[in-house]
Amino acid sequence: MWKKTQKITVPEPSNPSWRLSFPHVVVATLSSFLFGYHLGVVNEPLESISKDLGFKGNTLAEGLVVSTCLGGALVGSLFSGWVADGVGRRRAFQLCALPMIIGAVMSASTKTLAGMLLGRLFVGTGMGLGPPVASLYVTEVSPAFVRGTYGSLIQIATCLGLMGALFVGIPVKEIVGWWRVCFWVSTIPAAILALAMVFCAESPHWLHKQGRTYEAEAEFERLLGGSHVKTAMAELAKSDRGDDTDTVRLSELLYGRHFRVVFIGSTLFALQQLSGINAVFYFSSTVFKSAGVPSGLANAFIGIANLSGSIVAMVLMDKVGRKLLLLWSFFGMAISMSLQVVASFYSSGSGSLYLSVGGMLMFVLTFALGAGPVPGLLLPEIFPSRIRAKAMAVCMSVHWVINFFVGLLFLQMLEQFGPRLLYSIFGTFCMLAVVFVKRNVVETKGKSLQEIEIALLPQE
């Protein structure tokens, strides 16, 4: 009896070893590390930069140093899909490292505000190009059973980048001109990314789309091991129903048969930004200051909350699935925002301080659990391979536009409405997100990209 059952269970396909694809994914996440680093690099040194370049006290110029980067990122992300489809994912990474190196050198060696802004613009284009390509690449080279875990590495790398920038910026108050070092340092990971990509595997999905089937097989062998190549290639052939030959037009994404998935994707990114997360990042130090916590410590707290949330998300992503994480994450963020609103009613006393600081840390933690890492992972999963790169570009562009305006208008809105109303608005968006996710998002954990594609295809 026992032998019989054993015989039946033998052909069960085992999962490919995760060790094979892991190094390729780590190199790809360097682009996310750089992304985080450049997001945080001007936070601490902004004062000394404005002093050295002669625009101290000019809030518009200071705002521009922060947000020019976001403008560049919009440009980069708009073109990311066409770049990734045109030259391949590997070259796209190298193209993303290039402006990051050039821009960092310009910012590090400039004597004027204009030079600084030009450098930030260059760095921004690299920042816009990196994340969508990283999401694509990680989704396409990972075995299905660890795809969620690998996708979370992107978020963790971004956290580490942010923390790295704050760490490198510590001596900025003591050492004159240290902010230049902060920019110089960032050229190192960018150069490593550009060089290491030479040795990484190209995405088999992209090669197959180009009709380079033999190369796709060779890359699958590097990524999954020889015994899994046949299944992987068969899966690819299944989804490739001959509609890959024609190019994807924008009109198709905005109001064609793919409109629904693109709409879901863009809305997820929009809600992620409208939840107020970046406002919380920009503004956390002031909240902590009012509670008497020094800014260095505050940044460390925020960083630790962000990192621990991301690590928990990495563990859970392939266990409980993306949808549950998103739901609980947005719900937790709504609760945290309501804590802040409650705190604003008690104007004095330690209770309100504990509430507002606790609410802020809880907000960052719950964000990192789902709302942070999931959209970037879920979207390349739900987009059919034919439109994947271009659809990611559209969704990331929505993300950057909203990010830019939140960063621009946040302080003015705070002055006009006061924190209570502003936090209530953010909390409302978080609750809207819960409803939206519940109704529109499908679970993708453990399914192959082809299975997801077939499940989501619009009925012809």
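The backbone N, Cα and C atoms fix where each Cβ goes, glycine too.
For the ranges 93-115, 116-138, the feature annotated in TrEMBL as transmembrane segment maps to 116-138. Long-range Cβ contacts of the transmembrane segment (391-414) within its own chain (Cβ-Cβ under 8 Å, at least 6 residues beyond either end) map to 63, 66-67, 70-71, 73-74, 77-82, 128, 131-132, 135-136, 250, 253-254, 258, 261-262, 265-266, 268-270, 272-274, 276, 278-279, 282-283, 375, 379-380, 383, 422.
If you average pLDDT over the domain 'Major facilitator superfamily (MFS) profile' (24-445) in this model, you get 86.
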